[in-house]
Amino acid sequence: MDQLYAGKLSTRQAKRKAPMTPIIVTNYCGENIWPGITTQSGTGPSEGGFMLQPGESKNQTVSEDWGGRVWGRTNCTFNDAGTASANGTGKACYTGDCNSALNCIVTGETPATLAEFNLDDARGETWYDISLVDGYNLPMAVVMQPLANHSLEDIPPNLTNPSCVATVGQLREPGYDPYTSGYETFLGTNSSYPLPFDRDVDDQHVARWCPWDLQFNPPQKPGDGVYPYPDDNIERPAFDPCFSACAKYNTPDYCCNTPEYGRGNCKAGDWGKAAKTVCPDAYSYALDDASSMFMTPSGGGFEVIFCPGGRSTTILSSEREATQQMKNGSTPNGNPDPNNGDPNPNGSPQKRHITRKKTNGRHA
């Protein structure tokens, strides 16, 4: 091998292993959360778990070839050492618990909304998604950070930043437009390249989307000990975590993990359909790749936002052609306004222009 080429390759490999890529985690929920992070490949962040108060962010770095997941834990109480629950027995967190440890070494318990990342694969591509395969506990958005990388800065941001909001009290009304509601930027986008949002789901739907048998803590039976039919006549709690069918029942027909129930003959089922309705851009079941995976050229960082506000996005269906262009290795044109037509009829790429929000820095 040519020595000069070998030297360049060695430098490239060393750079990929160095923890230089930012992974930011932000809490916009109204209460404390305890994010958990586990690493499946590459070099992970220095802390696999920590507490974030409302409005707080934590910026850590990972290697360029990192693969891992981020999720949120709720209602946690740890001992002073962060090694067990405060009372020394049982789980430390109501949802997302990872062996009762503050610093997660293992993946959190279900149900939990996940952000999954595979940075800089062998083809120089980064893949990521919001996943409900392990269930749902908290609203989540993922915002790509271009980091002055020209190949990433030229991608319209409304193609890269999905959001999943399926919690009562967190969902804004149908037709909500953040750019006319006080935000110059929202989840890394602006009015020139606005996010496409679902326009149908409302609070009533969000309050009852989880199939009755998959609720983490279903309401108690009425006084006579018998549930009325249908079960949806019973009021559910505002915080209503939901198992996926695979997470609760762990059977091949739900988990798609046997030859009999593999690709081509394993279907979404009631759970997958319900999850896809409230979070169209999220992974709903094990084989939901085509309508849930996001891909960009490698080199960017990411911010995971809990309780981002707004509504769930519909990027992969509204911008199917542009997102497919990225997956095919070409620079997408994108649609400058997926909701109101295309002010760039010639289709020439426009470099995004982002201004900071003046009135509230929440999503800047």
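Here the Cβ of each residue, glycine as well, is placed from N, Cα and C on the backbone.
Per TrEMBL, the feature disulfide bond maps to C29-C307, C76-C93, C98-C104, C164-C279, C210-C242, C246-C255, C256-C266. Marked as region 'Disordered' by TrEMBL: 320-364. Per TrEMBL, compositional bias 'Low complexity' is recorded for 328-349. The annotation compositional bias 'Basic residues' is assigned in TrEMBL to 350-364.
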Checklist line | Least surrounded among the disulfide-bonded residues, given as C98, C242, C307, when other CB atoms within 10 Å are counted | finding: C307
Next item on the list: Could you state the whole-number distance in Å separating the C-alpha atoms of C279 (disulfide bond) and C210 (disulfide bond)?
Entry: 12
Next item on the list: May I ask for the distance between C307 (disulfide bond) and C164 (disulfide bond), taken between their Cα atoms and rounded to an integer number of Å?
Entry: 9
Next item on the list: Check the Cα distances from C256 (disulfide bond) to each of the disulfide-bonded residues C29, C76, C98, C246 and keep only the ones within 10 Å.
Entry: C246
Note to self: If I take the alpha carbons of C246 (disulfide bond) and C266 (disulfide bond), what is the distance between them in whole Å?
What the structure shows: 12
Margin query: Using Cβ atoms only, which residues of the same chain lie under 8 Å from C255 (disulfide bond) while being at least 6 residues apart in sequence?
Written below: C246, Y261, A286
Next item on the list: Please compare the disulfide-bonded residues C210, C279 by how many other CB atoms fall within 10 Å of each one's CB, and tell me which has the fewest.
Entry: C210
Next item on the list: Would you mind reading off the Cα separation of C76 (disulfide bond) from C98 (disulfide bond), to the nearest angstrom?
Entry: 11
Next item on the list: Out of the disulfide-bonded residues C93, C210, C266, give me the one sitting nearest to C164 (disulfide bond) by CA distance.
Entry: C210
